[in-house]
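Annotated features, as they stand in TrEMBL:
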type: ACT_SITE; residues: ASP9; note: active site, nucleophile
type: BINDING; residues: ASP9, ASP11, ASP175; note: Mg(2+) binding site
Amino acid sequence: MDKQLLIFDFDGTLIDSVPDLADATNAMLTTLGKETYPIDSIRNWVGNGSRMLVERALVGKVEVLEGELTVEEADHAEQVFFEAYNNISGSKTVAYPDVDNGLKKLKDAGYTLALVTNKPIRFVPKILRSFGWQDLFAEVLGGDSLAVKKPDPAPLLHVCEALNIDPAQAIMIGDSRNDILAGQNANMDTLGLSYGYNYGQDIRELNPTEAFDDFAALVDYLL
Ligand SMILES: O=C(O)COP(=O)(O)O
Ligand SMILES: [Mg+2]
């Protein structure tokens with residue numbers, strides 16, 4: 001493998017964060033006096049950052065139509081969600097099998113590792129520390145670190161520029177259409193993981209360069 005930089009997605013790729021996200025979402029809905037949803041519904045609402053998760057939960061579906069929510073309503077719900085997620089984040093979030101060892105093997109093999117998530121950046125350091133990963137990544141960007149988030153290629157290109165690495169030497173690795181499209185939009189190779197959250201769609205339908213059903217297979221491919 002002649003590439004230098006591996007850019008990883010976070011939720012659904014390295015960590016299974018949906019149990020905590022679902023608890024926070026339902027805590028928000030309960031606070032607002034609305035009906036709660038099962039984790040299997042909420043899993044399909046993750047991927048475009050907290051704001052979209054909150055809006056989808058308020059309307060109870062993936063597609064939020066123009067005019068269905070007021071900005072004030074969504075702003076308030078987002079603040080309630082942030083508080084709830086801040087209080088519980090970490091307790092039920094686990095790394096997927098072979099991720100911890102796999103990341104260390106890839107780093108030891110000479111790759112530079114970076115993290116680009118659509119999760120708000122304020123929640124990221126605490127989760128990284130909980131897995132002892134705080135020094136693994138040369139660059140870490142959240143969904144609100146720049147004006148745009150994945151599937152826009154800007155966060156990926158920003159990381160390449162900060163690390164002075166040609167995007168042609170980078171690979172985007174993730175579980176969702178937002179990761180694969182961001183990588184394709186940045187003209188990078190893309191590697192898909194099938195076990196995460198992709199709105200119920202098979203990641204292979206997005207035509208990543210390769211796709212894997214577990215993290216160990218991804219590591220084998222890269223070493
Ligand atoms: O917070 C989200 O919506 C998903 O975050 P991710 O980009 O790490 O998958
Ligand atoms: Mg993801």
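Placement of Cβ uses the backbone N, Cα and C atoms for every residue, glycine included.
Put plainly, the recorded positions ASP9, ASP11, ASP175 were compared by Cβ crowding within 10 Å, and the winner is ASP9. When the Cα atoms are compared, ASP9 (active site, nucleophile) and ASP175 (Mg(2+) binding site) turn out to be 7 Å apart. Summary of the Mg(2+) site environment: with the site residues ASP9, ASP11, ASP175 set aside, the chain residues having Cβ atoms within 8 Å of the Cβ mean position are PHE10, GLY12, THR13, LEU14, GLY47, THR117, GLY174, SER176, ASP179, LEU193, GLY196, TYR197.
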